[in-house]
Amino acid sequence: MPRFPDQLLYIGGRYVPARGGHTLEVVNPATGEVLANVHNAGVDDLDAAVDSAKAGQQRWAALTTVERSRILLRAVALLRERNDALAQLETLNTGKPLSETRSVDVVTGADVLEYYAGVAQALQGAQVPLREGSFFYTRHEPLGVVGAIGAWNYPIQIALWKAAPALAAGNAMIFKPSEVTPLTALKLAEIFTEAGLPDGVFNVLPGDGASVGTALTEHPQIEKISFTGGTATGRKVMASASSSSLKEVTMELGGKSPLIVCADADLDVAADIAMMANFYSSGQVCTNGTRVFVPRALRHAFEARLLARVQRIHIGDPLDERTTFGPLASAAHMQRVLEHIEQGKAEGARLLCGGERLQDGALVQGYYVAPTIFSDCTDVMTIVREEIFGPVLSLLTYDDEDEAVTRANATTYGLAAGVVTPDLARAHRLIHRLEAGICWVNTWGESPAPMPVGGYKQSGVGRENGLATLQAYTRTKSVQIELERYASVF
């Protein structure tokens, strides 16, 4: 029997069953246990959600920005009050260690909601004089009903990153969580309703892409789509959204990010950064620095430091607060990661550690893959070129800065990049040449609410977070006012 009762759709401020009657199993990846049967939304459910969202958005947009901000801040307070319970649910559904979900997932999502609740009041137009008797002004108006599609690695955080600017700007949102990890998005919908959000302003439609995802991107009454996921799926979403009704899109997509360790770097600091950039959340982070470039002369010393740190990883039950490394999110994803590892071996990369599924003792039913490090990698290897989205670090050597930058940029991706060096002049010189939307110097992975997040090239379109994202959920209206008698040429 599933641990939780059937999970319904959330439309119009309440739970409703899917009209088609179909459900999807949601599994605990640490044990293989079925957590719940979740109703699988279809096109009829989407139409109902759009009708609800249109009605709710009219009420929501009619409120002042101060009134909207107060409601969003009440939701922030509820999120923080329920952090532990939400984190535990997130851990059950994603397999991420409780030590992570308690300190990062809900916390950072709430931070973003708090940020937009504050800056929403600064969303102002401009008044510009043209001549003595004429001027124009601009208004930032909400788009209306927007759609969002989340990924399975940071379910509640992604839901909040997408909902916060959209709602702060006066829109309604229909959110489709990943069918793998939909549970906390439903709890978020409850919290928004409890905080006072008008019914219909935040609807949640669990379901797979075939049943509801494609319909969401094509729906003519949805004005914008925000998507987080893989690049291949992102292309399909973008094509569908544009071909149906020229929707605006925001895309936070995949990456194969470089981390350049400079010759003057503290190798202990660099190894700590490389570990976090590859094995946090079991490697299921889009910004992971999976291509680690190290000077050829430092390779062996750096390998030794990495291997020593791998020994300190605590692999186990994600609900155990001592655990720092959990399973992958699903059996299917685990299999894809293992296939990439086998390809790395076949193409000649030298396996330093890991490279296998973990099935000892209590791990036997879970989707655990050992922290894996390959050395002697080359740029043409599949594990170096393709996003794996798992705990697989590829170590590459270089001889000079120009070579490192050229090879770091030789990818279709451009999400993130990092440099480790005590020389800030060198750091800026390298960072300014790296083709990536998010760059870190002597650190990795932090994405505070005011910091825009997004990629270059095929890693995305538009940005999440930051002030510009709030404006991206509005449309600008220009209004000219003539104070003098209008002079016609006829």
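Using N, Cα and C of the backbone, Cβ positions are placed for all residues, glycine too.
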Record-annotated NAD(+) site (Swiss-Prot): member among Gly133, Gly196, Gly254, Gly366 besides Gly150, Ala151, Trp152, Lys176, Pro177, Ser178, Glu179, Gly230, Thr231, Ala232, Thr233, Cys286, Glu387: Gly254
Candidates Asn93, Lys162, Glu248, Glu252, Gly460 (recorded positions) - the one closest to Glu179 (NAD(+) binding site) by CA: Asn93
Densest Cβ neighbourhood among Lys162, Lys457 (recorded positions), 10 Å radius: Lys162
Euclidean distance between Cα atoms of Pro177 (NAD(+) binding site) and Glu248 (site 'Seems to be a necessary countercharge to the potassium cations'), Å: 20
Densest Cβ neighbourhood among Glu179, Glu248, Glu252, Glu464 (recorded positions), 10 Å radius: Glu252
Lys162 (active site, charge relay system) versus Asn93 (K(+) 1 binding site) - Cα distance in angstrom: 20
Binding residues Gly150, Ala151, Trp152, Lys176, Pro177, Ser178, Glu179, Gly230, Thr231, Ala232, Thr233, Gly254, Cys286, Glu387 (NAD(+)) - maximum C-alpha distance in whole Å: 23
Set of same-chain residues at least 6 away whose C-beta sits under 8 angstroms from Cys286 (active site, nucleophile): Ala151, Asn153, Thr228, Glu252, Leu253, Gly254, Gly255, Phe389, Leu415
